[in-house]
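Undergrad: Handing you a structure now.
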Amino acid sequence: MILTACFKLSCHGFKCQMSDDNVTGHAVISYPWVKPIFTLYSGVTSQTSYRVAIGECILDLSVIAHLFDGPALKTHQNVFKQETLNDFMALPRTAWLEARSTIQKLLSDDVTTLKENSELREKSIVKQKDAVMHLPATIGDYTDFYSSIHHATNVGIMFRGKENALMPNWKWLPVGYHGRASSVVPSGTPIRRPSGQVKPEGANEPSYGPSKLLDFELEMAFFVGGPATELGQPIPIEKTEEHIFGVVLMNDWSDISPEVTIKPEGAPTFCMQNQLQAHVLDMKQQLAHHTVNGCNVKSGDLMGSGTVSGPEEGAYGSMLELSWRGSKTVPVGNQTRKFLQDGDEVSLIGVCEKDGVRIGFGECRGKVLPAL
C-alpha cells in the first residue's frame, strides 16, 4: 500500500506537504523566498553533478558553470563541477544569492543565452525522471532538535500526565539529539524496520525482535553553509543567516509509535495544517544555541527542527500523536492503521506558496522493508 502523507505545513507564508525519511535530497537556498532548488543527480553517464530543479526538468550547473561570471563566483566556477554541494555551501552567502540571481536570469524571458543555444540547452537540461537523486552534500554532523511546544506537550501528556507534560526547563534549555549522519538517505531509499530489545508488560527480561511501533515524524531541516567556524567560536544570532544555506523536508523515522496520514494507491486520505511558527526555537536560534558553547560547524552539517505539530488533532505531525500512543486507529481509505506495516510506502510532498507563486520542495519517499 502506498501511504501518502498529505500534510500542509505553513511557515511564514509557506505551505508544505510531507515526504520520506531522514532528509529529502532537495536543498533550497533560503533568501529571499523565490529560490532555485539545488540537488545532486546522476544521469545515464553515471556522472554525479548538481543541478537545479525546474518543474519536471533539471538544469545541470556543471555544463553552464562558465556563465556564473559575477564578482562572487567568477573565480569559483569550479564549485559547480564537484560531486557534492559542500564547496558551494562553504562560500559566503553573497555567492549563494549571486548563483540564484544568475539562474533566474538565465531562465527568464529577457535572456536568450539558453533559449537560442540549442546545443547548450540540450546538454544542460534533462528530465528528472531520467536521473537518479543523491544526497546534496556530504553530511559531517546531524542534530535533530525537539522544538515544537505542541509536540512536546502531547508526548509529555502521554508519558507523564497532563500535570507534568513539559519538563520545567524545556522552554529554557533546548533539546537536541546528535544522530548518525551515515543514516541520512535521499528520497526513494527503502527503510528497513529496526530491531532491538523490548521488555513486554509483565515480562521479567527484555527480548530481541523487530519494532512493532514504527512511526514517521514530519520535520523541516536546514543545511549549514558559509566558511567553517573554529572550535570555541559561537555564531551570534544576528549572523546566523550567513550560515543557513537552505532548508529541506525531513522525515525522522522512529520506532516509538503508530503511523500517519496515508492513502491507498489513489487519492490522499486527509490533510493536516501545521505551523512551524509554533516552534519555541526557529532555525536561527537553533544554530546560535548549537554553537553558543563553542561547538564548531561546517558546510553540509544538517540540523532538524524536531517534529512539527499543531495544537489540534488535524495538525499532529506523527502517528504517536494521531493514534494517541496507539489507543485509537487512524482511517486509511477503507483500512485503518496504528503502526506502519511492512510494505507500506510513505510519500511526503512539500510546496511553499506566497502571493500565488509556488516553489516545490520535491518529493521524499520511503518504503518500509521487513526487519532482517
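A Cβ is built for glycine as well, from the same backbone N, Cα and C atoms used for every other residue.
Quantities reported herein were computed from a predicted structural model and do not represent experimental measurements.
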Undergrad: The Ca(2+) site in TrEMBL includes ASP144, GLU217, GLU219. Which of ASP110, ASP252 is also listed there?
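TA: Of the residues offered, the record points to ASP252.
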Undergrad: At the Cα level, what's the spacing in Å between ASP144 (Ca(2+) binding site) and THR307 (substrate binding site), rounded?
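TA: For ASP144 (Ca(2+) binding site) versus THR307 (substrate binding site), the Cα atoms are 9 Å apart.
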Undergrad: Is any of the binding-site residues ARG160, GLU219, ASP252, THR307 within 10 Å of HIS151 (active site, proton acceptor) (Cα-Cα), and if so, which, in sequence order?
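TA: Those near HIS151 (active site, proton acceptor) - Cα within 10 Å - are THR307, in sequence order.
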Undergrad: Tell me which of the recorded positions HIS151, ARG160 sits in the most Cβ-dense spot, judged by other Cβ atoms within 10 Å.
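TA: That would be HIS151, with the most Cβ atoms nearby.
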Undergrad: Fewest other CB within 10 angstroms, which one of the binding-site residues GLU217, GLU219, ASP252?
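TA: Checked GLU217, GLU219, ASP252; of these binding-site residues, fewest Cβ neighbours within 10 Å: ASP252.
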Undergrad: Between GLU217 (Ca(2+) binding site) and TYR146 (substrate binding site), what C-alpha distance do you get in Å?
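TA: That comes out at 11 Å between the alpha carbons.
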